[in-house]
(Lines of atoms letter the chains of each structure in order from A and count residues from 1; the text may use other names and numbers.)
(Lines give C-alpha, C1' and ligand atoms only; values in the text may rest on other atoms or scores of the structure.)
Protein backbone atom coordinates (compact mmCIF):
# COMPACT_ATOMS: atom_id res chain seq x y z
CA UNK A 1 0.00 0.00 0.00
CA UNK A 2 2.80 2.39 0.92
CA UNK A 3 4.47 1.87 -2.44
CA UNK A 4 1.27 2.77 -4.28
CA UNK A 5 0.83 5.91 -2.18
CA UNK A 6 4.47 6.86 -2.74
CA UNK A 7 4.18 6.31 -6.49
CA UNK A 8 0.99 8.40 -6.60
CA UNK A 9 2.63 11.19 -4.58
CA UNK A 10 5.66 11.25 -6.88
CA UNK A 11 3.49 11.35 -10.00
CA UNK A 12 1.27 14.12 -8.60
CA UNK A 13 4.25 16.19 -7.42
CA UNK A 14 6.05 15.74 -10.70
CA UNK A 15 3.10 16.46 -12.99
CA UNK A 16 1.11 19.08 -11.06
CA UNK A 17 3.38 22.08 -11.81
CA UNK A 18 3.24 21.34 -15.54
CA UNK A 19 -0.54 20.96 -15.39
CA UNK A 20 -0.82 24.29 -13.59
CA UNK A 21 1.70 25.82 -16.02
CA UNK A 22 2.38 28.57 -13.50
CA UNK A 23 5.77 29.93 -12.45
CA UNK A 24 4.63 30.40 -8.86
CA UNK A 25 3.48 26.78 -8.57
CA UNK A 26 6.81 25.68 -10.03
CA UNK A 27 8.63 27.78 -7.43
CA UNK A 28 6.73 26.18 -4.52
CA UNK A 29 7.29 22.71 -5.98
CA UNK A 30 11.00 23.44 -6.41
CA UNK A 31 11.33 24.61 -2.80
CA UNK A 32 9.59 21.42 -1.64
CA UNK A 33 12.05 19.35 -3.69
CA UNK A 34 15.00 21.28 -2.20
CA UNK A 35 13.77 20.98 1.40
CA UNK A 36 12.74 17.31 1.20
CA UNK A 37 16.32 15.91 1.13
CA UNK A 38 17.23 18.35 3.91
CA UNK A 39 14.39 16.95 6.02
CA UNK A 40 15.64 13.46 5.15
CA UNK A 41 19.09 14.38 6.46
CA UNK A 42 17.53 15.46 9.76
CA UNK A 43 15.54 12.21 9.80
CA UNK A 44 18.77 10.18 9.70
CA UNK A 45 19.93 11.87 12.90
CA UNK A 46 16.59 11.24 14.59
CA UNK A 47 16.97 7.55 13.68
CA UNK A 48 20.02 7.34 15.94
CA UNK A 49 18.28 9.27 18.72
CA UNK A 50 20.00 12.62 18.17
CA UNK A 51 18.19 15.87 17.40
CA UNK A 52 20.61 18.03 15.42
CA UNK A 53 20.07 21.76 15.13
CA UNK A 54 23.20 22.06 12.98
CA UNK A 55 21.74 20.96 9.66
CA UNK A 56 20.65 24.46 8.72
CA UNK A 57 24.33 25.41 9.11
CA UNK A 58 25.42 22.46 6.95
CA UNK A 59 23.00 23.62 4.28
CA UNK A 60 24.48 27.11 4.53
CA UNK A 61 28.03 25.78 4.26
CA UNK A 62 27.10 23.85 1.13
CA UNK A 63 25.25 26.83 -0.34
CA UNK A 64 28.00 29.42 0.19
CA UNK A 65 30.77 26.98 -0.81
CA UNK A 66 29.00 26.04 -4.06
CA UNK A 67 28.37 29.67 -4.94
CA UNK A 68 31.86 30.96 -4.07
CA UNK A 69 33.73 28.12 -5.78
CA UNK A 70 31.94 28.96 -9.01
CA UNK A 71 32.08 32.75 -8.61
CA UNK A 72 35.65 33.14 -7.33
CA UNK A 73 37.50 30.08 -8.65
CA UNK A 74 35.51 29.44 -11.81
CA UNK A 75 34.73 25.80 -11.01
CA UNK A 76 31.94 24.19 -13.05
CA UNK A 77 28.65 24.34 -11.09
CA UNK A 78 28.39 20.55 -10.78
CA UNK A 79 31.90 20.33 -9.31
CA UNK A 80 31.10 23.21 -6.95
CA UNK A 81 27.86 21.52 -5.91
CA UNK A 82 29.66 18.30 -5.02
CA UNK A 83 32.46 20.19 -3.27
CA UNK A 84 29.86 22.00 -1.17
CA UNK A 85 28.47 18.66 -0.05
CA UNK A 86 31.98 17.35 0.69
CA UNK A 87 32.86 20.47 2.72
CA UNK A 88 29.69 20.12 4.81
CA UNK A 89 30.49 16.43 5.33
CA UNK A 90 34.10 17.18 6.35
CA UNK A 91 32.84 19.75 8.85
CA UNK A 92 30.56 17.13 10.39
CA UNK A 93 33.38 14.57 10.35
CA UNK A 94 35.62 16.93 12.34
CA UNK A 95 32.89 17.88 14.82
CA UNK A 96 31.41 14.40 15.18
CA UNK A 97 33.98 12.81 17.53
CA UNK A 98 33.40 15.66 20.01
CA UNK A 99 29.71 16.44 19.53
CA UNK A 100 28.43 12.86 19.37
CA UNK A 101 29.88 11.87 22.73
CA UNK A 102 27.14 14.09 24.15
CA UNK A 103 23.49 13.07 24.15
CA UNK A 104 20.05 14.46 24.81
CA UNK A 105 19.37 18.13 25.37
CA UNK A 106 23.09 18.91 25.64
CA UNK A 107 23.65 17.68 22.08
CA UNK A 108 20.73 19.83 20.92
CA UNK A 109 22.23 22.90 22.62
CA UNK A 110 25.70 22.16 21.27
CA UNK A 111 24.50 21.85 17.67
CA UNK A 112 22.34 24.96 18.15
CA UNK A 113 25.42 26.89 19.31
CA UNK A 114 27.39 25.65 16.29
CA UNK A 115 24.60 26.77 13.97
CA UNK A 116 24.58 30.22 15.55
CA UNK A 117 28.37 30.54 15.22
CA UNK A 118 28.28 29.58 11.54
CA UNK A 119 25.47 32.05 10.93
CA UNK A 120 27.43 34.77 12.71
CA UNK A 121 30.43 34.07 10.46
CA UNK A 122 28.19 34.47 7.41
CA UNK A 123 27.00 37.82 8.78
CA UNK A 124 30.31 39.28 9.91
CA UNK A 125 32.72 38.12 7.19
CA UNK A 126 31.34 40.56 4.68
CA UNK A 127 34.29 40.47 2.27
CA UNK A 128 33.69 36.79 1.57
CA UNK A 129 30.03 36.08 2.33
CA UNK A 130 28.48 39.51 1.79
CA UNK A 131 27.18 39.82 5.35
CA UNK A 132 23.55 40.69 5.96
CA UNK A 133 23.41 42.38 2.56
CA UNK A 134 23.77 38.94 1.02
CA UNK A 135 25.84 37.31 -1.70
CA UNK A 136 24.72 38.45 -5.16
CA UNK A 137 25.51 37.41 -8.70
CA UNK A 138 25.55 33.64 -8.28
CA UNK A 139 25.65 32.18 -11.81
CA UNK A 140 23.03 29.77 -13.06
CA UNK A 141 23.66 26.05 -12.87
CA UNK A 142 25.00 24.53 -16.06
CA UNK A 143 25.97 21.04 -17.16
CA UNK A 144 27.90 20.12 -20.32
CA UNK A 145 27.31 23.61 -21.69
CA UNK A 146 23.56 23.51 -21.02
CA UNK A 147 22.51 26.40 -18.76
CA UNK A 148 19.47 26.09 -16.52
CA UNK A 149 17.40 29.27 -16.64
CA UNK A 150 13.75 28.25 -16.23
CA UNK A 151 12.18 27.43 -12.87
CA UNK A 152 10.92 24.14 -14.30
CA UNK A 153 14.51 23.08 -15.03
CA UNK A 154 15.57 23.66 -11.43
CA UNK A 155 12.51 21.76 -10.31
CA UNK A 156 13.69 18.74 -12.30
CA UNK A 157 17.22 19.10 -10.85
CA UNK A 158 15.93 19.30 -7.27
CA UNK A 159 13.47 16.46 -7.83
CA UNK A 160 16.27 14.29 -9.19
CA UNK A 161 18.37 14.86 -6.08
CA UNK A 162 15.35 14.17 -3.87
CA UNK A 163 14.90 10.82 -5.62
CA UNK A 164 18.60 9.97 -5.19
CA UNK A 165 18.60 10.94 -1.49
CA UNK A 166 15.40 8.98 -0.88
CA UNK A 167 16.79 5.92 -2.65
CA UNK A 168 19.98 6.03 -0.55
CA UNK A 169 18.10 6.36 2.74
CA UNK A 170 15.71 3.56 1.76
CA UNK A 171 18.70 1.37 0.89
CA UNK A 172 20.10 2.04 4.36
CA UNK A 173 16.73 1.21 5.94
CA UNK A 174 16.55 -2.16 4.23
CA UNK A 175 20.15 -3.15 4.88
CA UNK A 176 21.90 -4.42 8.00
CA UNK A 177 23.01 -0.84 8.57
CA UNK A 178 19.38 0.12 9.20
CA UNK A 179 19.15 -2.47 11.97
CA UNK A 180 22.37 -1.18 13.52
CA UNK A 181 21.10 2.41 13.47
CA UNK A 182 17.84 1.31 15.08
CA UNK A 183 19.77 -0.47 17.82
CA UNK A 184 21.76 2.72 18.46
CA UNK A 185 18.50 4.53 19.14
CA UNK A 186 16.78 1.82 21.16
CA UNK A 187 19.56 0.01 23.01
CA UNK A 188 23.22 0.97 22.72
CA UNK A 189 24.25 -2.12 24.71
CA UNK A 190 22.56 -4.26 22.07
CA UNK A 191 24.52 -2.54 19.31
CA UNK A 192 27.76 -3.23 21.18
CA UNK A 193 26.82 -6.88 21.62
CA UNK A 194 26.63 -7.30 17.83
CA UNK A 195 30.00 -5.65 17.38
CA UNK A 196 28.88 -2.16 16.33
CA UNK A 197 30.98 0.80 17.48
CA UNK A 198 28.25 3.24 18.51
CA UNK A 199 30.35 6.41 18.22
CA UNK A 200 31.76 5.47 14.81
CA UNK A 201 28.30 4.76 13.41
CA UNK A 202 26.95 8.04 14.79
CA UNK A 203 29.83 9.94 13.19
CA UNK A 204 29.17 8.18 9.87
CA UNK A 205 25.47 9.12 9.97
CA UNK A 206 26.28 12.70 11.01
CA UNK A 207 28.74 13.02 8.12
CA UNK A 208 26.46 11.45 5.51
CA UNK A 209 23.48 13.55 6.55
CA UNK A 210 25.60 16.72 6.44
CA UNK A 211 26.62 15.88 2.86
CA UNK A 212 22.94 15.65 1.85
CA UNK A 213 22.24 18.98 3.56
CA UNK A 214 25.23 20.60 1.84
CA UNK A 215 24.17 19.50 -1.64
CA UNK A 216 20.62 20.72 -0.95
CA UNK A 217 22.17 24.07 -0.05
CA UNK A 218 24.12 24.16 -3.29
CA UNK A 219 21.01 23.53 -5.38
CA UNK A 220 19.25 26.28 -3.41
CA UNK A 221 22.11 28.71 -4.12
CA UNK A 222 22.13 28.13 -7.88
CA UNK A 223 18.34 28.29 -8.02
CA UNK A 224 17.79 31.47 -6.00
CA UNK A 225 20.95 33.23 -7.20
CA UNK A 226 21.26 35.09 -3.90
CA UNK A 227 22.26 34.02 -0.39
CA UNK A 228 21.72 35.66 2.98
CA UNK A 229 22.51 34.36 6.49
CA UNK A 230 18.83 34.61 7.46
CA UNK A 231 17.99 31.75 5.10
CA UNK A 232 20.06 29.36 7.22
CA UNK A 233 19.05 30.47 10.69
CA UNK A 234 17.35 28.80 13.63
CA UNK A 235 13.92 28.93 11.97
CA UNK A 236 15.10 26.53 9.27
CA UNK A 237 16.16 24.00 11.90
CA UNK A 238 12.75 24.29 13.54
CA UNK A 239 11.04 23.79 10.17
CA UNK A 240 13.05 20.60 9.60
CA UNK A 241 11.95 19.24 12.97
CA UNK A 242 8.33 20.10 12.17
CA UNK A 243 8.58 18.36 8.78
CA UNK A 244 9.69 15.19 10.53
CA UNK A 245 7.04 15.44 13.24
CA UNK A 246 4.24 15.96 10.73
CA UNK A 247 5.51 13.42 8.22
CA UNK A 248 6.77 10.86 10.73
CA UNK A 249 10.25 9.68 11.60
CA UNK A 250 9.76 5.92 11.25
CA UNK A 251 10.27 5.78 7.47
CA UNK A 252 12.10 7.74 4.77
CA UNK A 253 8.75 8.69 3.25
CA UNK A 254 7.82 10.66 6.39
CA UNK A 255 10.03 13.74 5.97
CA UNK A 256 9.08 13.93 2.28
CA UNK A 257 5.40 14.12 3.24
CA UNK A 258 6.30 16.65 5.92
CA UNK A 259 8.05 18.86 3.37
CA UNK A 260 5.02 18.72 1.07
CA UNK A 261 2.85 19.99 3.95
CA UNK A 262 5.18 22.48 5.66
CA UNK A 263 6.87 24.29 2.75
CA UNK A 264 3.65 25.64 1.14
CA UNK A 265 2.05 26.45 4.51
CA UNK A 266 3.31 30.06 4.83
CA UNK A 267 2.05 30.78 1.31
CA UNK A 268 -1.36 29.25 2.03
CA UNK A 269 -1.62 31.36 5.19
CA UNK A 270 -0.43 34.58 3.55
CA UNK A 271 -3.93 36.12 3.66
CA UNK A 272 -4.01 35.50 7.42
CA UNK A 273 -0.51 36.81 7.99
CA UNK A 274 -1.15 37.99 11.54
CA UNK A 275 -2.36 34.51 12.49
CA UNK A 276 0.35 32.52 10.71
CA UNK A 277 2.29 31.52 13.82
CA UNK A 278 -0.93 30.67 15.67
CA UNK A 279 -2.22 28.41 12.89
CA UNK A 280 1.25 26.92 12.45
CA UNK A 281 1.39 26.07 16.16
CA UNK A 282 -2.13 24.64 16.19
CA UNK A 283 -1.33 22.36 13.25
CA UNK A 284 1.74 21.09 15.07
CA UNK A 285 -0.28 20.47 18.25
CA UNK A 286 -2.89 18.48 16.32
CA UNK A 287 -0.21 16.19 14.90
CA UNK A 288 1.55 15.78 18.24
CA UNK A 289 -1.71 14.87 20.01
CA UNK A 290 -3.71 12.93 17.42
CA UNK A 291 -1.19 11.67 14.85
CA UNK A 292 1.88 11.03 16.98
CA UNK A 293 3.59 8.83 14.39
CA UNK A 294 3.02 11.35 11.58
CA UNK A 295 1.33 11.09 8.20
CA UNK A 296 3.38 8.04 7.26
CA UNK A 297 1.55 6.05 9.96
CA UNK A 298 -1.77 6.74 8.21
CA UNK A 299 -0.40 5.39 4.95
CA UNK A 300 1.16 2.23 6.33
CA UNK A 301 -0.85 1.13 9.33
CA UNK A 302 -0.13 -2.46 10.34
CA UNK A 303 -2.99 -4.79 9.55
CA UNK A 304 -4.61 -6.59 12.44
CA UNK A 305 -4.50 -10.33 12.27
CA UNK A 306 -7.85 -12.04 12.68
CA UNK A 307 -8.33 -13.71 16.06
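Backbone N, Cα and C atoms are what each Cβ position is placed from, and that goes for glycine too.
TrEMBL labels come from automatic prediction, so no person has curated them.
Of the candidate ranges 105-122, 123-140, TrEMBL annotates residues 105-122 with the feature transmembrane segment. As stated in TrEMBL, the feature transmembrane segment covers range 243-265 out of the listed 174-196, 243-265. Here the transmembrane segment (79-100) sits against the transmembrane segment (199-223); at least 3 CB pairs are under 8 Å, leaving out pairs fewer than 6 apart in sequence. The list of residues near the transmembrane segment (105-122) in space but at least 6 beyond its ends in sequence, with Cβ under 8 angstroms from a Cβ of it, reads 50-54, 56-57, 60-61, 64, 95, 99, 129, 131, 229, 232-234, 237. Distant neighbours of the transmembrane segment (151-169): 10, 13-14, 17-18, 23, 26-27, 29-30, 33-34, 36-37, 40-41, 43-44, 141, 212, 215-216, 219, 222-223, 252-253, 256; these residues of the same chain sit at least 6 beyond its ends, with a Cβ under 8 Å from one of its Cβ atoms.
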